[in-house]
Amino acid sequence: MSNELLEFDVIAEALIEKAQKDGAETMWDRKAALKTQCGFGEGGICCRICVMGPCRVSPSPDKGAQRGICGADRDTIVARNFARMCCGGTSAHSDHARDIVHAMYHSSEDGPFKIREEGKLRKIAAEWGIEEADTKETYALAHELAEMALMEFGKPFGTQNFLKRAPKSRQEIWERENIAPRAIDQEVVTLMHSTHMGCASDPESILRRSLRTSMSDGWGGSMIGTEFSDIMYGVPKERASESNLGVIDPEQVNIMLHGHDPNLAEMIAVASKNPELIEMAKEQGAKGINVVGMCCTGNEMTMRHGIKIAGNFYQQEMAIITGAVEVAVVDVQCIFPALPKLAKSYHTRFISTSPKAKIAGDMYIEFNEEDPLSCAEEVIKTAVMNFKNRDASKVDVPELKAETIVGYSVETTIGALDRVVNSQTDVTGTVKPLGDLVWAGVLRGAAGIVGCNNPKVEHDYAHITLMKELIKNDVICVVTGCAAQAAAKAGLLKLEAKELCGRGLKEACERANIPPVLHMGSCVDISRILHLVTLVANERGVDIAELPVVGAAPEYMSEKAVAIASYVVSSGLNTYLGVMPYVSGSENFMKLMTEGVKEWTGAAYVFESDPIKAAELIMADIEDKRTKLGI
Ligand code: SF4
Ligand code: FE2
């Protein structure tokens, strides 16, 4: 079964049946128990911002309650609810980044946190204006840069340092529209304030402030998260990996790493290689220790270490249902609170590690930045000692996995592009070949496809369908998050996937020796996509909004994705959402999102749940951009 180009994931049904047989509850049982979901909630017109509420107003201007008790109408209520989703998403990405920066602040020559990419450290220190960035002692510089990065969260004046990467035209738009983000914490706090009872009621102003807050994620928290992780843990390089539940090895102690923050995962990767712990596993009758990744932790670890990906968001329960996972260890974000209960249907131990995401129901081993390895070692020992508790009658690991190439950081992508040029006569180390391919029409354009799974959409179907439609039309795809893992499982991250492409993209893939869908990492790594697009815009001397490039989140579910969509639109890229956010209860707010915002940023949100139709819209969008550029 391995290495086929799958339509989409085919193993869900068998494992859901297995869960029923094992008496285990899954998300599908809970979805069925909820019956019809709340229409007011779905339309975004239920307000519970104050305790005079909850106020549910009518979606129709002709009948039913038009205003909440305070007088807020549907436009205000929808706008405020949307804004608070942007706050939630921005907080998550940015607080993740803060932890990375803290770890860098604690880095030292002989401690567990080290600087592995000195070159990148010096480059970013220079970019941020630190004097003598090329000569300062490595760790002194790392600590200085970390302190400066911590100020990005709370500095009293000025805007985010990374904004200067953008084309001048874009920076001017952000200034003009007052959406250049200041300190990250300030943007979140001020938007929470604005949307408090009795503050802003003007939907346009609330949307504008939502964009600015989200910008502090994309060009602030997420970009810091990505760049500083690279400095500490290494710039991802092209490497082979495997993906899907078949990477769980029934003969080894399996540890499923789930969540987002590479700090814990990196320490577990180190500890899992400890010969004493491997020996201990062998004494327990296992062949070794097998660490597998889930969700964005999976992306981070596969990009830097080739650790195999067990699956994406909707597979977190299925991995446990295989009956062969000794420990599911998690940090933050996208973790079902259902997992500890599910783990009890098997022998699996569920371990949460972050004080920010303490999950009730099984074990908690706190990850302490000052002694990070002890938590990692305890997790591994727990897994090893749990191997003997496996119930062989409940073990059923699907023999399904796909070969995958991962690791397309901006640096690695530029390195791959160098294969397209004549190194004797042309400049190397730039994005010029990518611009040339797009300008020549060999590639029609590019799409960043990102985001989660959502049970409102057949899992992975929208991701894979959209990617296949676009590569068929010579649009190169860059992917992150669970979208990247969907692509991995479907075999789209392999060189052979070029056979599914149009002539131009196929030729480009052959010349650069890359797959047509490039794995760029985790959700915070959407900042890599922003950076790459920015480099191309700067190289061509155009604004980001002029490029034949789009963003898409076909199956998203989280607040983080709402913030992402908002910073991608603010960055000038039309963003195609396959799931409706909770805004349909206000026609006026929808109009602002799909049309009004275009006048501010040159881009808008597009709602389209059918991935075939979304692909048609994207192609029309890309061709329109090409015509306007005269290419
Ligand atoms: Fe109702 Fe207004 Fe309170 Fe919202 S803020 S719950 S609309 S009274
Ligand atoms: Fe993620």
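From the backbone N, Cα and C atoms, a Cβ is placed for every residue, glycine too.
Here TrEMBL flags Cys38, Cys46 as [4Fe-4S] cluster 1 binding site. Long-range Cβ proximity for Cys38 ([4Fe-4S] cluster 1 binding site), meaning a same-chain Cβ under 8 A and a gap of 6 or more residues, is found for Cys46. Under the DSSP three-state reduction, Cys38 ([4Fe-4S] cluster 1 binding site) is assigned to coil, being neither helix nor strand.
Annotation comment: TrEMBL describes Cys47, Cys50, Cys55, Cys70 as [4Fe-4S] cluster 2 binding site. DSSP assigns Cys50 ([4Fe-4S] cluster 2 binding site) to coil in the three-state reduction, outside any helix or strand. Cβ environment of Cys50 ([4Fe-4S] cluster 2 binding site): Cys70, Met197, Gly198 lie under 8 Å away, each six or more residues apart in the same chain.
Among the features that TrEMBL reports, [Ni-4Fe-4S] cluster binding site is placed at His260, Cys296, Cys334, Cys452, Cys482, Cys523. Of all Cβ atoms in the protein chains displayed, 35 besides its own lie within 10 Å of the Cβ of Cys482 ([Ni-4Fe-4S] cluster binding site). Secondary structure at Cys482 ([Ni-4Fe-4S] cluster binding site), taken from DSSP and collapsed to helix, strand or coil, is helix.
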* Show which residues of the chain containing Cys334 ([Ni-4Fe-4S] cluster binding site), separated from it by at least 6 in sequence, have their CB under 8 Å from its CB. => His258, Gly259, His260, Cys295, Cys296, Phe313, Gln316, Cys452, Ser558
* Structure fact -> Result for ligand 1 contact check over binding-site residues Cys47, Cys50, Cys55, Cys70, His260, Cys334 with Cβ cutoff under 6 A is Cys47, Cys50, Cys55, Cys70
* Using DSSP with the three-state reduction, classify Cys334 ([Ni-4Fe-4S] cluster binding site) as helix, strand or coil. => coil
* **Non-site residues, in chain order, whose CB comes within 8 A of the mean position of the CB atoms of Cys47, Cys50, Cys55, Cys70 at [4Fe-4S] cluster 2** => Arg48, Ile49, Met52, Gly53, Pro54, Gly68, Ile69, Ala72, Ile77, Met197
* Asked: Considering only the binding-site residues Cys47, Cys296, Cys452, Cys523, which possess a Cβ situated under 6 angstroms from at least one atom of ligand 2?
  -> Cys296, Cys523
* Asked: Just counting, how many other CB atoms are there within 10 A of the CB of Cys70 ([4Fe-4S] cluster 2 binding site)?
  -> 15
* Neighbour count (Cβ, 10 Å) for His260 ([Ni-4Fe-4S] cluster binding site) -> 31
